[in-house]
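Worksheet for the structure shown next.
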Amino acid sequence: MAWTSHHHSWRVLPSIHIKEEPVARSPAVSMFSSVINASAIQRRLAIERRNLKRKIVPRRHHSTWPDKNSCSPIIVDVKNTKNRESAAAYREKRDRKMKVILAEIHRIQAAHPSVAFDDWIPAKLPKSERHEGESKEDYRRRTNRESAAGSREQQKEKLMHYTQQVIRMREFTSTAPCDDSRRDVQTQ
């Protein structure tokens, strides 16, 4: 179904084209890349909406439309696709690690309710001041870069904190006896 202005309240966003996938892929790879493509499309739509709001004209607007002679749509952001796939794979791997660690924490707490768990509390990132002579757009770009870098650091700190909590809880539970209800199940 084509995106048109009568389907949604915002204007038609011309730079979005669906990336056609080869048929020979396995279902898991196809599903993974379709998730990446969907997130790339959502990200592109958000960028287009922001640009419309700020009245920013895309640099290569004419290159996003296919030739009159070509049948397939042009793939937008080809050079960034690999970076986006790598970033998505990194986030997925980090989220998988986090799920495993949190599952282990919940398992230990279920077996040993007396074991305390310190939840991670993120530190507030400092607000960056605008430099003298810096334009509003340059300031926005710089603060966005700093915010993204700070967010990545916080994610690393969160994973490290939870990993240390699991190690601490395992050490504590290896020396502490099991809960009575668990002991009864184990002896049967």
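The backbone N, Cα and C atoms fix where each Cβ goes, and this holds for glycine too.
Straight from TrEMBL, the features:
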{"type": "COMPBIAS", "residues": "128-145", "note": "compositional bias 'Basic and acidic residues'"}
{"type": "COMPBIAS", "residues": "162-176", "note": "compositional bias 'Polar residues'"}
{"type": "COMPBIAS", "residues": "179-188", "note": "compositional bias 'Basic and acidic residues'"}
{"type": "REGION", "residues": "128-188", "note": "region 'Disordered'"}
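Using a Cβ-Cβ cut-off under 8 Å and counting only residues 6 or more beyond its ends in the same chain, the compositional bias 'Polar residues' (162-176) has close neighbours at 98, 101-102, 104-105, 108-109, 111-112, 114-115, 117-118, 120. With DSSP classes pooled into helix, strand and coil, the tally for the compositional bias 'Polar residues' (162-176) is 14 helix, 0 strand, 1 coil. Each residue in the compositional bias 'Basic and acidic residues' (128-145) gets a DSSP state, and the totals come to 10 helix, 0 strand, 8 coil.
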